[in-house]
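Enquirer: Let me give you the structure first, and then I'll get to my questions.
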Amino acid sequence: MLFDKYGRSLQKLRYVVNDECNYNCVFCHFEGQSRRQGRYLTAEDYGFVTSVFKSLGVADFKITGGEPLLRGDIDLIVANIAKTGAYVTLTTNGYLLRKWVRKLQAAGLKRANVSIHTTDPEKYSKITGVPPSAFREVLRGLTEARDVGISLKLNAVVLRGINTDRDSVKNLVKLAASLGAALQFIELMPSGWGASVFNELYEPIETLVNIIFELGGRPAGVRKELHNRPLYNIAGVTVELIKNFSNPTFCSGCTTMRLTSDGKLKTCIYADSSVDLMPYIKSRDVEGLLYAVRTALARREPRFKLYSSS
């Protein structure tokens, strides 16, 4: 296993497999990359990269986008990652989940993280920029994913005045319970489109803690291997709180890097710099790829620190 100069291990890799999306969420951070990247990595490329990162001790690989289910070969991407023995998950808005779910399950997908934010179709439309009817299609996809045995986690970005009241939280917990899903609340990030709405919609994650207790929730530990996320349990539903803004504790527990759709390795979603892995991937140059990964890791800096020399 590799460690950066702050002692943080590299355990997880996020694959940003495309930059197209069929939604227009008001806060989209684009996974820290610019739009319209150019040529994409192939399904076979992802298999190669996964095998190399696994040799470094990385075991957890997450597919994201854009909207990854827009890729016509998404099942092949999952299959090429999974055949290495890696644990593979996928983040999606869920609209196309029903179309793909059986192929994804057969390919080896272990879990789908579905961004849903609210159980109110009108609010859902306001957040995502799609018709309210899309919400029902997402629910159908979630139900089918549950039925074929794919583990589920619901994502909800915390948005002031939209989903920060008691009823909104309660309804999301209820939905998660009906699906046997976990639920995670994510602080709004001042990145991508999120920067333009940050002052209007940002609500500290701590606001939800009081609501969680009101709903009978209890502390259930901390995910030290992933951003030191606090966990709660509400009537059997695991709830994670992701405080990613101005939080050194979050950064100190970060064990993740991300590979953009055009083959650039980013050490932090907030960072502009990256290391280009594409030449080594396309030439199947294992030693070159290992060197490039170590170079990126040596440059890795937490976005938020307890102490700064600047």
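Note: Cβ is positioned from N, Cα and C throughout, glycine not excepted.
The annotation GTP binding site is assigned in Swiss-Prot to ARG14, LYS62, THR91, LYS153 on the grounds of sequence analysis. Under the heading [4Fe-4S] cluster 1 binding site, Swiss-Prot lists CYS21, CYS25, CYS28, citing sequence analysis as support. Per Swiss-Prot, S-adenosyl-L-methionine binding site is recorded for GLY66, SER115. Residues or ranges marked as [4Fe-4S] cluster 2 binding site by Swiss-Prot on the basis of sequence analysis: CYS251, CYS254, CYS268. Feature annotation from Swiss-Prot assigns domain 'Radical SAM core' to 5-218.
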Enquirer: Taking the Cβ of CYS28 ([4Fe-4S] cluster 1 binding site) as the centre, how many other Cβ atoms fall within a 10 Å radius?
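Expert: Taking every protein chain into account, the count is 19.
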Enquirer: State the three-class DSSP label for LYS62 (GTP binding site), counting H, G and I as helix, E and B as strand, and everything else as coil.
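Expert: Once the DSSP labels are grouped into three classes, LYS62 (GTP binding site) ends up as strand.
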Enquirer: Counting distance between Cα atoms, which of the binding-site residues CYS21, CYS254, CYS268 is nearest THR91 (GTP binding site)?
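Expert: Looking at Cα distances from THR91 (GTP binding site), the smallest one goes to CYS21.
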Enquirer: With the GTP site defined by ARG14, LYS62, THR91, LYS153, which remaining residues of that chain have Cβ atoms positioned within 8 Å of the Cβ centroid?
Expert: ILE63, THR64, THR89, LEU90, ASN113
Enquirer: Per the record, GTP is bound by ARG14, LYS62, THR91, LYS153: how many Å separate the farthest pair of Cα atoms?
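Expert: Largest pairwise Cα separation, rounded: 16 Å.
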Enquirer: If I take the Cα of CYS21 ([4Fe-4S] cluster 1 binding site) as reference, which of the binding-site residues ARG14, SER115, LYS153 has the closest Cα?
Expert: SER115
Enquirer: In which DSSP state, out of helix, strand and coil, do we find CYS254 ([4Fe-4S] cluster 2 binding site)?
Expert: coil
Enquirer: When DSSP is mapped onto helix/strand/coil, what comes out for ARG14 (GTP binding site)?
Expert: strand
Enquirer: Would you say which of the binding-site residues CYS25, CYS251 has the most Cβ atoms within 10 Å of its own Cβ?
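Expert: Counting Cβ neighbours within 10 Å, the top one is CYS251.
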Enquirer: Report the nearest neighbour of CYS28 ([4Fe-4S] cluster 1 binding site) in space among the binding-site residues ARG14, GLY66, LYS153, CYS254, comparing Cα positions.
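Expert: For CYS28 ([4Fe-4S] cluster 1 binding site), the spatially nearest of the binding-site residues is GLY66.
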Enquirer: Using C-alpha positions only, work out which of the binding-site residues ARG14, SER115, LYS153, CYS254, CYS268 is nearest to CYS25 ([4Fe-4S] cluster 1 binding site).
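Expert: So, spelling it out, the nearest of the binding-site residues is SER115.
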Enquirer: Which of the binding-site residues listed here (ARG14, LYS153, CYS268) have a Cα atom within 10 Å of the Cα of SER115 (S-adenosyl-L-methionine binding site)?
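Expert: Of ARG14, LYS153, CYS268, within range: LYS153.
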Enquirer: Give me the CA-CA distance between CYS254 ([4Fe-4S] cluster 2 binding site) and GLY66 (S-adenosyl-L-methionine binding site), in Å, as a whole number.
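Expert: CYS254 ([4Fe-4S] cluster 2 binding site) and GLY66 (S-adenosyl-L-methionine binding site) have their Cα atoms 22 Å apart.
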Enquirer: Averaging the per-residue pLDDT over the domain 'Radical SAM core' (5-218), what integer do you get?
Expert: 94
